[in-house]
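Now, the feature entries from Swiss-Prot:
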BINDING   T10, K42, M74, R88  substrate binding site
BINDING   T10, F11, H18, G89, L90, R91, E99, W124, S125, F126, I127, S128, S129, S130  ATP binding site
SITE      H18  site 'Transition state stabilizer'
Amino acid sequence: MTTKAIYPGTFDPLTNGHLDLLTRASRLFDHVVLAIAASPSKQTLFTLDERVALAKGATEHLSNVDVIGFSDLMAHFAQQQNANILVRGLRAVADFEYELQLAKMNHHLMPTLESVFLMPSEEWSFISSSLVKEVARHGGDVSHFLPDAIVSALMEKLR
């Protein structure tokens, strides 16, 4: 049986922490879709098309990963993709309550959809896209936290 997993998020922008989880998921599952959410309720710095393009560039070395933008409910997107696994990262205990609610709702909407939680590597456990953007906005060096092409795109966007 082929396993297909979806790793969803806004990824505004994709960080090395996200990339670490994605790389690890790509070793666990036959195929992984990095599903980039339109997230109209969030004020994203990058458009959906920009986030998809940046993520495609950062993941081209992962042969079993596809990057796809979506604006549907996650459960509906998973059905469209014939996937039955959601990969989510848990950085801290604070993430758990929200992730548990999401997992329960997604399972209610699609009973065959299972959520699998991965812990970030210690190096990336404190990183979030929001934090990286905030540091960059104030002139801090974020090159350790983002793939090179995304660092350039972020600096350009913040000019």
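Positions of Cβ are set from backbone N, Cα and C atoms, glycine also.
Feature map: Swiss-Prot annotations on the structure.
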{"residue": "T10", "record": "substrate binding site", "Cβ contacts under 8 Å, 6 or more apart": "I36, A37, S39, K42, T44, R51, S129"}
{"residue": "H18", "record": "ATP binding site", "Cβ contacts under 8 Å, 6 or more apart": "G9, F11, G89, S129"}
{"residue": "M74", "record": "substrate binding site", "Cβ contacts under 8 Å, 6 or more apart": "I6, P8, A35, A37, L86, L102, N106"}
{"residue": "R88", "record": "substrate binding site", "Cβ contacts under 8 Å, 6 or more apart": "Y7, P8, E99, L102, A103, S115, V116, F117, L118"}
{"residue": "L90", "record": "ATP binding site", "Cβ contacts under 8 Å, 6 or more apart": "F96, E99, F117, L118, M119, P120"}
{"residue": "S125", "record": "ATP binding site", "Cβ contacts under 8 Å, 6 or more apart": "G17, R91, A92, M119"}
{"residue": "I127", "record": "ATP binding site", "Cβ contacts under 8 Å, 6 or more apart": "T15, N16, G17, P120, F145"}
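Cβ neighbour count for S129 (ATP binding site): 23 (other Cβ atoms within 10 Å of its Cβ, all protein chains included).
DSSP assigns T10 (substrate binding site) to coil in the three-state reduction, placing it in neither a helix nor a strand. Whole-number maximum of the Cα to Cα distances across the substrate-binding residues T10, K42, M74, R88: 19 angstrom.
The Cβ of K42 (substrate binding site) has 11 neighbouring Cβ atoms from other residues within 10 Å, across all protein chains displayed. In the three-state DSSP scheme, I127 (ATP binding site) is classed as coil.
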